[in-house]
There are 2 protein chains.
Amino acid sequence: MSQQRHGSTPGEADGVPAFPDLPEATIARLPEYLRALHHLAETGAETVSSEGLAAAAGVNSAKLRKDLSHLGSYGTRGVGYDVALLVDQIEYILGLDKNRAVCLVGVGNLGHALAGYAGFASRGFRVVALFDADPKKVGEQINGLTVQHTDDLERVAAEESIAIGVIATPPGTAQAVADALVAAGVTSILNFAPGVLSVPSNVDVRKVDLAIELQILSFHEHRKASLTALPGGRSAPPANGGQEAVGS
Amino acid sequence: MSQQRHGSTPGEADGVPAFPDLPEATIARLPEYLRALHHLAETGAETVSSEGLAAAAGVNSAKLRKDLSHLGSYGTRGVGYDVALLVDQIEYILGLDKNRAVCLVGVGNLGHALAGYAGFASRGFRVVALFDADPKKVGEQINGLTVQHTDDLERVAAEESIAIGVIATPPGTAQAVADALVAAGVTSILNFAPGVLSVPSNVDVRKVDLAIELQILSFHEHRKASLTALPGGRSAPPANGGQEAVGS
DNA sequence: CGCGATTTGTGCACGCCTTCACAAGCGCCT
DNA sequence: AGGCGCTTGTGAAGGCGTGCACAAATCGCG
């Protein structure tokens with residue numbers, strides 16, 4: 001699936017890809033739609049209604065329609081959206097047809113798991129290099145790749161024309177690694193280390209902090225606990241229909 | 001540091017903790033402030049200005065002041081914020097003084113790493129139970145804990161009064177695990193499995209999808225690539241002061 | 001060929017969040 | 001004691017995102 005250009009590729013009216021500037025919120029949801037669409041495609045569905053796809057992606061149907069309308073008009077009124085076509089569109093917009101090269105820095109507890117994470121490869125990302133500052137880890141084989149020393153990061157990353165760097169080092173070394181990645185020409189960074197990274201404005205950084213997620217949940221636990229003790233607070237309603245309401 | 005109640009604990013005017021309802025956006029930033037504050041405390045700082053703390057947390061100083069003002073007035077004009085006091089305040093609001101029990105379901109590639117992730121324990125979360133559906137994994141020792149079978153999840157989770165459940169299973173079993181967690185009384189779930197979870201409305205779910213993060217970065221790569229080819233597009237400005245601009 | 005059922009695409013209003021700009025408050029120095 | 005500089009806390013404005021509600025468009029059927 002998702003192999004050749006269809007008649008008119010969305011943004012290439014004239015060889016120059018006129019890029020629709022999508023709202024950030026929309027961009028963040030496109031991968032979710034894509035996952036739902038792949039799932040639908042596996043079940044053999046040819047078309048989906050906005051209602052159906054919205055349910056599968058866990059969002060409001062109006063929001064979904066507005067999101068997709070930003071990509072252009074790829075639905076048919078009275079029918080719905082062509083699943084295969086929409087998959088191609090979203091993959092094109094997200095640049096997933098490029099099979100981007102990813103490198104991973106820091107092969108510790110978390111990094112080791114990320115190196116073997118199947119979810120990356122299955123969605124078009126190739127982990128092509130692993131780095132670590134610990135000499136004991138250098139040379140180790142993980143998932144068919146040899147761990148290299150971070151001193152070689154800049155050279156190797158430039159050679160392999162790596163687009164995305166993943167930082168899974170301890171907080172103290174994250175900034176130095178980011179600097180090396182930037183120096184090697186990497187313009188997108190996924191950072192698992194707690195703390196703020198300083199990078200040039202043309203570099204995109206996304207941060208994932210697992211402890212922060214737990215802390216946010218902890219807040220809601222705290223809030224819920226104090227609500228149950230409060231006059232107006234409904235104290236743990238056990239049976240409420242059962243479904244719906246997905247956090248954040 | 002950060003041991004006893006100070007004079008008037010923020011929300012306990014009358015034994016009943018009146019909970020300030022903070023904006024979601026603020027809640028999501030509090031952990032970041034907390035981390036920055038801990039860092040400052042280690043360097044021996046007594047007080048911080050909003051400007052200083054904002055820089056350390058990577059946000060706008062006005063935003064930080066507004067966020068903190070929601071907790072109450074804990075700054076001193078002309079001086080700044082008392083670091084130790086603010087740490088206590090935020091930890092109280094986030095409910096981190098409760099030392100919450102966490103269980104982890106799915107001890108695969110990612111789950112194994114999460115079980116050993118130091119960042120959890122260091123920030124007040126105790127992983128007290130591990131589960132997996134694979135009989136070969138049951139009984140395995142990880143980080144001092146024995147992996148138990150998911151059939152026992154509901155019973156054990158209820159016994160240990162677990163507040164937060166972490167799902168790191170394959171997508172197919174995530175919903176069943178969520179159902180079991182809910183049945184055991186867990187009201188907060190951190191989900192690493194792709195897909196949408198259906199839970200009662202009193203349960204909070206936060207989702208972390210590593211592939212989605214990469215896809216969002218891929219989009220920006222795609223966008224940047226097409227911008228450089230475009231007339232108005234500034235093509236890779238290499239030297240731009242050097243700092244600032246942290247993505248999302 | 002026309003009509004009704006269905007579903008998309010979107011104008012509009014509302015609410016949340018961010019950012020600016022500044023008054024109010026606090027400490028220090030003279 | 002008084003004034004000055006610094007910093008917080010907040011009113012107001014602007015922007016972004018969401019969701020409703022409906023017009024426009026398409027298909028199928030009689």
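Glycine residues also receive a Cβ, built from the backbone N, Cα and C atoms like all the rest.
No curator has checked TrEMBL annotations; they are predicted automatically.
Checking the ranges A:60-80, A:228-248 against TrEMBL, the region 'Disordered' annotation falls on A:228-248.
The feature DNA-binding region, as given by TrEMBL for the ranges A:32-71, A:112-151, sits at A:32-71.
Proximity to chain B (Cβ-Cβ under 8 A) holds for A:Asn109 out of the binding-site residues A:Val107, A:Gly108, A:Asn109. Counting residues per DSSP class in helix, strand and coil order gives 30 helix, 2 strand, 8 coil for the DNA-binding region (A:32-71).
Taken residue by residue with DSSP, A:Asn109 (NAD(+) binding site) is part of a helix.
Mean pLDDT of the predicted structure over the DNA-binding region (A:32-71): 97. With DSSP states grouped into helix (H, G, I), strand (E, B) and coil, the domain 'CoA-binding' (A:95-196) comes out at 37 helix, 27 strand, 38 coil. Fewest other C-beta atoms within 10 Å: among the binding-site residues A:Gly106, A:Gly108, A:Gly111, that description fits A:Gly108.
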